[in-house]
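> Dropping a structure here in structure tokens format, bear with me for questions.
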Amino acid sequence: MKSAHFILAFCLLALASPLAYASDPSPLQDFCVAINDPKDGVFVNGKFCKDPKLAKAEDFYYSGLNIPRNTSNPVGSTVTPVNVAQIPGLNTLGISLVRIDYAPNGGLNPPHTHPRATEILVVVEGTLYVGFVTSNTDNPLIAKVLYPGDVFVFPIGLIHFQFNVGKTKAVAFAGLSSQNPGVITIANAVFGPNPSINPDILVKAFQLDKNVVRKLQSKFWWANN
């Protein structure tokens, strides 16, 4: 079963490759605070690049994606990223990978977006209800229940989620069309930023009582990645 997981993961990387140019020619970071160039370095795509003559196998390698992650947290899921932060050799290649573990009976990867990547997800264990919401004005929900071996695509920038509807744990792998796809978890971004958004803005935007807004803002919003 473990070997099957890795085969599926590598297939995801291959499938995501044609999508790479859909995102990564755009800026890879929200902003860049420049520093002096390090010795023998070249700045490309948000990272300083080492001299290619000094490259080694470890620059293109990551180990441990077969290890189940702890999902004992408020949302019941953990995302393990493998992007340019974990594999330096991914810089400029426009691709990355994640493993997602979901707790039984309701483990949730909460509604979120990737501002710089399309995502293609494959379920390798368990049963997931997944979906995304399209842009204004109608905002229809496009959703489906997935089983092991099923694949689903989340278009770049759209709000999406995965929810474990099974009684056992679930595991999925996803390829993303960016070396640094970014993630904006909706609840965290709206109710948990520091400094906080003025409650009057959220009261009007969500048509909620101010006490409800303040209570939501006082919560600890868990980041599962």
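In case you wondered, yes, glycine gets a Cβ from its N, Cα and C as well.
TrEMBL entries are annotated by machine, without manual review.
Note that the coordinates shown come from a computational prediction; the quantities given were computed from them, not determined experimentally.
Grabbed the feature section from TrEMBL, which reads as follows:
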SIGNAL    1-22  signal peptide
DISULFID  CYS32-CYS49  disulfide bond
DOMAIN    63-214  domain 'Cupin type-1'
BINDING   ASN109, HIS114, GLU119  oxalate binding site
BINDING   HIS112, HIS114, GLU119, HIS160  Mn(2+) binding site
> If you measure HIS114 (oxalate binding site) to HIS160 (Mn(2+) binding site) at Cα, how many Å is it?
9
> Validating a neighbour-count step here. Other CB atoms within 10 A of the CB of CYS49 (disulfide bond): how many?
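Other Cβ atoms found within 10 Å: 15.
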> Going by Cα-Cα distance, pick out whichever of the binding-site residues HIS112, GLU119, HIS160 is nearest to CYS49 (disulfide bond).
GLU119
> What's the number of neighbouring CB atoms sitting within 10 A of the CB on HIS112 (Mn(2+) binding site)?
22
> Just how many other Cβ atoms lie inside 10 Å of the Cβ on HIS160 (Mn(2+) binding site)?
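Step by step: centre on the Cβ of HIS160 (Mn(2+) binding site), count other Cβ atoms within 10 Å, giving 22.
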> Neighbour count, 10 Å Cβ-Cβ cut-off, for HIS114 (oxalate binding site): what number do you get?
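Result for HIS114 (oxalate binding site): 24 neighbouring Cβ atoms inside 10 Å.
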> Find, among the binding-site residues listed as ASN109, GLU119, the one whose Cβ has the highest number of other Cβ atoms within 10 Å in the structure shown.
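Result of the Cβ crowding comparison: ASN109.
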> Along the domain 'Cupin type-1' (63-214), what average pLDDT does this model show?
95
> List the Cα distance (Å, whole number) between GLU119 (oxalate binding site) and HIS112 (Mn(2+) binding site).
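Per the Cα atoms, GLU119 (oxalate binding site) and HIS112 (Mn(2+) binding site) stand 12 Å apart.
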